[in-house]
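Asker: Feature annotation from Swiss-Prot assigns sn-glycerol 3-phosphate binding site to THR11, ARG81, GLU82, TYR133, ASP242; the stated evidence is sequence analysis. Swiss-Prot lists THR11, THR12, SER13, THR264, GLY307, GLN311 with the feature ATP binding site. Positions annotated as ADP binding site by Swiss-Prot: THR11, ARG15, THR264, GLY307, ASN413. Per Swiss-Prot, glycerol binding site is recorded for ARG81, GLU82, TYR133, ASP242, GLN243, and the stated evidence type is sequence analysis.
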Amino acid sequence: MKYILSIDQGTTSSRAIIFDRNANIKGFAQKDFKQIYPHPSWVEHNPNEIWSSLLEIISEALANARTHPNEIATIGITNQRETTIIWDRYTGQPIYNAIVWQDRRTAKICDELKTQGKDKIFLEKTGLVLDPYFSGTKIKWILDNVSQARERAEKGELCFGTIDTWIIWNLTKGKIHITDYSNASRTLLLNINSLNWDDDLLQILNIPKSILPELKQSSEIYGKIDSSIMGTEINISGIAGDQFAATFGQSCLQKGMAKNTYGTGCFTTVNIGHKPIINEQKILTSIAWVKKNITTYVFEGSIFIGGAVIQWLRDNLELFKKSSDAEILAASVNNNGGIYFVPAFVGLGTPHWDPYARGTIIGLTRSSTKEHITRAALESIAFQSFDVLTEMKNSIKGFDIKELRVDGKASQNNLLMQFQADILQCNVVRPKITETTALGAAYLAGLAIGYWENTEEITSLWKSDKIFEPLMKQSQREDLIYNWHKAINRAKSWIE
């Protein structure tokens, strides 16, 4: 069989990409879906709309590749992480909308748990901080607030899943209820040392174990899709949360290698090898993948608003019509005009972990223009990534980043990538294939069935497209960073 189908279910769109053995894209399709904002800081998706979008793009990608389902060797799945769905085990219907990773409604639950001193337990067992970002408190909220949900969960009538679980449930017509360790490591429920759902954590959050999916490796044959989906049965053999799939797709397979994904949010991962290292409260430790019974761990810095700040300028302020116009506007001025934009629309992630921070544009004068604001918005993405990598340097003994591999839509923005290199004072390397999230899922799926022989083969497929080298004077860089930190401190703890 010729190809691998990779399903990349993201925060704002679903994508299907068909790869060949040389990692060339043979077919592509993408479909946006609705973002639901019931209240300030609440973010939801319609799970059925996500599923219907996948059916559309699978068909479209096959048509674009001019291929038939019989030529698909296997399917790999990657997904927005932490986003939480609970559905009826018998009807397959969700009992509530998907609560998205950006959603902050459970901040008070996290505060109460911290007051009880539970944050240390969660950190030691899961490598995560107590934050609304993760699935555990979202599950608790649904069970506590949706009519009869807790009662039905305790009777075994409900299933929980992150998006990967929901996709596979639907692809197999409810026959398979699984997740992989990488997605599970973002729930606040998985012990990343023992690789088991943790009974103590389930008890703290009052979540019945019966709703949880079975744990699987990131690269193994899980089963086949139902023949009604594509007209034939096809193996599913790869799963990884989006940032971990991107890490694999970037061939960051050796300890110390780092990548940054510039998507809706911005996510930096550093491969830390095969033993978990728990950081004191600021940098997350997660499972990147489990393959052939070997676990690879990463440090991660999570920035909630990355490329989404450009979407906000486009849709909410209507400063431009296309996201690609942002680079043109920003490049038309020599600097940010003294403006600093802290896009804390849903709080701040790594290293601040402040759910009560809010967005701030500071330094405005009568001479400020939309060009300056747009440039400040782009620069905010690089500044936030700088803060994450600085914290990582402080956390990993002997770690000094020499090269940052980048991907995601915003990595195509040359102005942003050059500014990132300048602020970090290291090379920023963009690969020829920037669809690394989908590619990572394809690699994991392909390795499970022998489509690719080993990781050495896939590493040989990685090629650099452009290297951005630091050019900025040190004094200018230091001034920018100093003012950025002044601005971010103004944004913190805004909501009381």
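Heads up, the Cβ atoms here are built off N, Cα and C, so glycines get one too.
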Asker: What is the separation, in Å, between the Cα atoms of TYR133 (sn-glycerol 3-phosphate binding site) and ASN413 (ADP binding site)?
Answerer: 27
Asker: For the recorded glycerol site formed by ARG81, GLU82, TYR133, ASP242, GLN243, name the remaining residues of the chain with Cβ within 8 Å of the site's Cβ center, in chain order.
Answerer: GLN80, THR83, TRP101, ARG186, GLY241, PHE267, SER302
Asker: Please classify the secondary structure at GLN311 (ATP binding site) using three-state DSSP.
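Answerer: Its secondary structure by DSSP: helix.
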Asker: For the binding-site residues listed here, ARG15, ARG81, which shows the highest count of neighbouring CB atoms within 10 A?
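Answerer: In terms of Cβ crowding, the pick is ARG81.
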Asker: List only the single closest residue to ARG15 (ADP binding site), chosen from the binding-site residues ARG81, GLU82, ASP242 by CA-CA distance.
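Answerer: Checking each of ARG81, GLU82, ASP242 against ARG15 (ADP binding site), the shortest Cα distance is to ASP242.
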Asker: When the Cα of THR11 (sn-glycerol 3-phosphate binding site) is compared with the Cα of each of the binding-site residues THR264, GLY307, ASN413, which one is closest?
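Answerer: Comparing Cα positions, the closest of these binding-site residues turns out to be THR264.
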Asker: Determine, from DSSP, whether ARG15 (ADP binding site) sits in helix, strand or coil.
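Answerer: Reduced to three states, the DSSP call for ARG15 (ADP binding site) is strand.
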Asker: Between the two most separated Cα atoms in THR11, ARG81, GLU82, TYR133, ASP242, the residues recorded as binding sn-glycerol 3-phosphate, what distance in Å do you get?
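Answerer: Those residues reach a largest Cα separation of 15 Å.
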